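*Asks:* The annotation ATP binding site is assigned in Swiss-Prot to 118, 119, 120, 121, 122, 123, 124 on the grounds of sequence analysis.
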C-alpha cells in the first residue's frame with residue numbers, strides 16, 4: 001500500500017487526508033503546532049485509522065537517520081511554503097510533493113471547473129458565481145480558499161455539476177497545470193511577497209492558472225492586468241465597469257457596464273440595479289461572475305435571480321449592526337493595504353478605523369492618504385500597531401491610539417462614538433491575522449461577537 005505524509009492539520013489537510021485514505025493510501029498527518037483544537041482533530045483522525053503527529057516538523061533526513069519508512073508522496077496544506085528546506089530536500093530525493101488542490105483535481109477533473117484567482121475580490125466573485133449557478137439548478141458549491149476546501153467537496157456523496165473554486169497563490173504554487181472551463185483573474189497588486197519573493201514570481205503563479213483554461217476572463221479595470229496581460233491570452237474576455245471605451249485597446253471580446261446596464265458584445269444583458277453590494281470593486285466582481293454564467297449558457301433572467309438574492313460574503317464589508325446611530329462594519333477579509341483602501345473608500349465618513357495585525361509588504365500610501373481624508377480616529381491592534389503608528393505620525397495624523405487587542409479597540413470605539421459625529425466604525429485590518437488569530441474568519445467572528453455585545 002503506498003504511503004503519503006500530509007503536512008498541515010487545517011481544513012484542507014484534514015480533507016486531503018480523508019480523501020487519500022478513501023482512495024487506498026496509507027496516510028499519516030503532521031503539524032508543527034499543538035493546540036487543544038488540533039488535539040481534538042488528532043483524536044478524530046486517529047479513530048479513522050489516520051495517525052497524526054503534533055508539535056512535529058517534517059524532516060526527511062530525520063526519518064532516514066532513525067530508519068523510519070520514507071513516504072512515497074508528500075501532500076501539503078496551503079500554509080506550508082513550497083520552497084521550505086524540508087520540501088526542497090524531498091523533491092531532490094525524488095519524492096513527489098503536491099498540494100491539496102492537486103488531490104482534488106485528480107478526483108474531480110471530469111467535472112467543469114470555474115477557478116477564480118487574484119489579489120482582491122476572489123471570495124466575493126467565487127461566492128456570487130456559485131450563487132448564480134445554483135440559481136440555475138446546478139450543484140455548484142463555492143469551495144477552495146473559501147469555506148469548504150475542494151477536497152471536502154470531493155468527499156461529499158452528492159453528485160456535482162460544477163466546481164466553483166477560489167484558488168490562492170499559495171495553492172497554485174503546489175498545483176499541477178489545471179485545465180478549468182473558466183479561469184477568472186480579479187485584480188493584481190503586490191501581496192504575499194514575503195512568501196513568493198518578487199512580484200514577477202507572484203504574477204507567474206497566478207498566470208499558471210490561466211494557461212490551461214478554456215475561457216479566460218480578466219478585469220480590464222485593473223491597471224496591472226491592462227498594462228501587462230492584454231496580449232498574453234489573445235482569446236480572453238475582458239470586463240470593465242466604465243463602458244466599452246474603457247476596455248483595453250484591440251480587445252474584441254468585452255463585457256461592460258454603461259447606462260446602468262450590463263452589455264455583452266454591445267448587446268444589453270441585464271440591469272445593474274439588481275446588485276445589492278456597494279462599490280465599484282463589487283461591480284467588477286459582478287461582471288466577472290455574470291460573464292462566466294452567460295458564457296456557460298445560463299439565461300439572463302436566471303443570472304439576475306442569482307445576483308438579486310446575493311447580499312455579499314461574511315467578513316467583507318459585512319454590516320453587523322447599527323448602534324448609537326453608527327454603522328458597525330466587519331471587513332476582516334481586508335488582509336492587505338489595497339483591500340483596506342477599498343473597504344475605507346466604500347463606507348460613509350467620518351470613520352473610526354480599527355486596523356492592524358501581522359503586517360505585509362506593499363505600498364500603504366494610497367490607504368494612508370484616504371485615512372487622512374475619511375478617518376476621525378484610528379485604533380491600532382496587533383504586531384503592526386507600532387509600525388502603523390509611525391506611518392500615521394509621518395503623515396501628520398495624530399488621532400490614533402494603540403489598543404493592542406480587538407476587545408480594547410471595540411470598547412474604545414464604543415466610547416468615541418458618543419463623543420464625535422461618527423457615521424461608521426470599520427474593522428478593516430490591512431494585515432494578516434496570524435499574530436492573534438488562526439485566520440481572518442476567526443478574527444472577523446470575534447469582531448462580530450464584540451459588536452453584538454454592545
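Every residue, even glycine, has its Cβ placed from backbone N, Cα and C.
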*Asks:* What are the non-local neighbours of residue 121 (ATP binding site), defined as same-chain residues 6+ apart in sequence with CB under 8 A from its CB?
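*Replies:* Within the chain, residue 121 (ATP binding site) has Cβ neighbours under 8 Å at 186, 187, 219, 281, 284, 285, 288.
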*Asks:* Do any residues at least six apart in sequence from residue 118 (ATP binding site), in the same chain, have a Cβ closer than 8 Å to its Cβ, and if so which, in order?
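*Replies:* Those within reach of residue 118 (ATP binding site), by Cβ under 8 Å and sequence separation of 6 or more, are 125, 184, 185, 186, 187, 188, 206, 219.
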*Asks:* What number of additional C-beta atoms lies within 10 angstroms of the C-beta atom of residue 124 (ATP binding site)?
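*Replies:* By my count, 27.
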*Asks:* Taking the centroid of the Cβ atoms of 118, 119, 120, 121, 122, 123, 124 as the ATP site, which other residues of that chain lie with their Cβ within 8 Å of it, listed in sequence order?
*Replies:* 116, 125, 186, 187, 285, 339
*Asks:* Cβ-Cβ under 8 Å from residue 123 (ATP binding site), same chain, 6 or more residues apart: which ones?
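*Replies:* Listed in sequence order, they are 145, 146, 166, 313, 316, 333.
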*Asks:* Quick one: give me the count of other CB atoms within 10 A of the CB of residue 120 (ATP binding site).
*Replies:* 27
*Asks:* Non-local Cβ contacts of residue 122 (ATP binding site) (under 8 Å, 6 or more apart, same chain)?
*Replies:* 116, 145, 146, 166, 168, 186
*Asks:* Using DSSP reduced to three states, classify residue 119 (ATP binding site) as helix, strand or coil.
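*Replies:* The three-state answer is coil.
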